[in-house]
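Working notes, structure below.
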Amino acid sequence: MNNDVFPNKFKAALAAKQVQIGCWSALSNPISTEVLGLAGFDWLVLDGEHAPNDISTFIPQLMALKGSASAPVVRVPTNEPVIIKRLLDIGFYNFLIPFVETKEEAEQAVASTRYPPEGIRGVSVSHRANMFGTVADYFAQSNKNITILVQIESQQGVDNVDAIAATEGVDGIFVGPSDLAAALGHLGNASHPDVQKAIQHIFNRASAHGKPSGILAPVEADARRYLEWGATFVAVGSDLGIFRSATQKLADTFKK
């Protein structure tokens, strides 16, 4: 049986520096995720760090995106090999790794997604990702079709951005603006000049190493500015934010 994930088109688009517009999925529901998948976004983040997701909620969302052109990207709760292994086995190929501060942490993330000898991923011969053992070339194709995006969101991460971006197997650098703002002493104010300067610096250093950069920017003016600065993969909103804003606007229309 053929696996319709290989080759990984999202990974190829990033390597070609093609702009990829995405959206955040935080409602942890297959219906809302399916709606996002019909909208035409290039990629969707299914959030395992701040949203109430786990293996049991991720699988229905992956099923809901089966016919979608939007590439599912999972943000893992932490850079931990067993967690990453389990998410690989259920069918994720694109990973966003939060709070990466050093080259060694970036290398660990890459190794966690690769079978030996390139990495340390544990081997199961039958799981959802290989269609329960029916994809003949899964082991041969898997290592080279995994996308690793590492998230820089601390001063140490900024300081080590060159080493992180140069790490073999890292496909892109993603900025976490809220945590970065907090780390720089500007909690709740990612628009502060110090934070914006750091974001642009990260983009520039990623580009210097031939790596695409990305960010979450639910405000249109911010998203367009980051694209002008050279960001390649930008998430321009979230299902939770869209839902909250639209419902509030509807209520206000009739209640005020």
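From the backbone N, Cα and C atoms, a Cβ is placed for every residue, glycine too.
Taken verbatim from Swiss-Prot:
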- His50: active site, proton acceptor (ACT_SITE)
- Arg75: site 'Transition state stabilizer' (SITE)
- Asp89: site 'Increases basicity of active site His' (SITE)
- Gln151, Ser178, Asp179: substrate binding site (BINDING)
- Glu153, Asp179: Mg(2+) binding site (BINDING)
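Sequence features annotated in Swiss-Prot and their locations in the structure.
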| residue | record | contacts (Cβ under 8 Å, 6+ apart) |
| --- | --- | --- |
| His50 | active site, proton acceptor | Ala26 |
| Arg75 | site 'Transition state stabilizer' | Val45, Leu46, Asp47, Gly48, Glu49, Phe95, Leu96, Ile97, Pro98, Gln151 |
| Asp89 | site 'Increases basicity of active site His' | Ser124, His127, Arg128, Ala129 |
| Glu153 | Mg(2+) binding site | Pro98, Phe99, Val175, Gly176, Pro177, Ser178, Asp179, Leu180, Ala183 |
Beyond the site residues Gln151, Ser178, Asp179: chain residues whose C-beta lies within 8 Å of the centroid, for substrate: Pro98, Phe99, Glu153, Val175, Gly176, Pro177, Leu180, Ala182
CB contacts for Ser178 (substrate binding site) [other CB atoms within 10 A, all chains]: 16
Secondary structure of Ser178 (substrate binding site) (DSSP, helix/strand/coil): helix
Among the substrate-binding set Gln151, Ser178, Asp179, as the record gives it, the longest Cα-Cα distance in Å: 12
Candidate with sparsest Cβ neighbourhood (10 Å radius) among Gln151, Asp179, the listed binding-site residues: Asp179
Asp89 (site 'Increases basicity of active site His') in three-state DSSP notation: helix
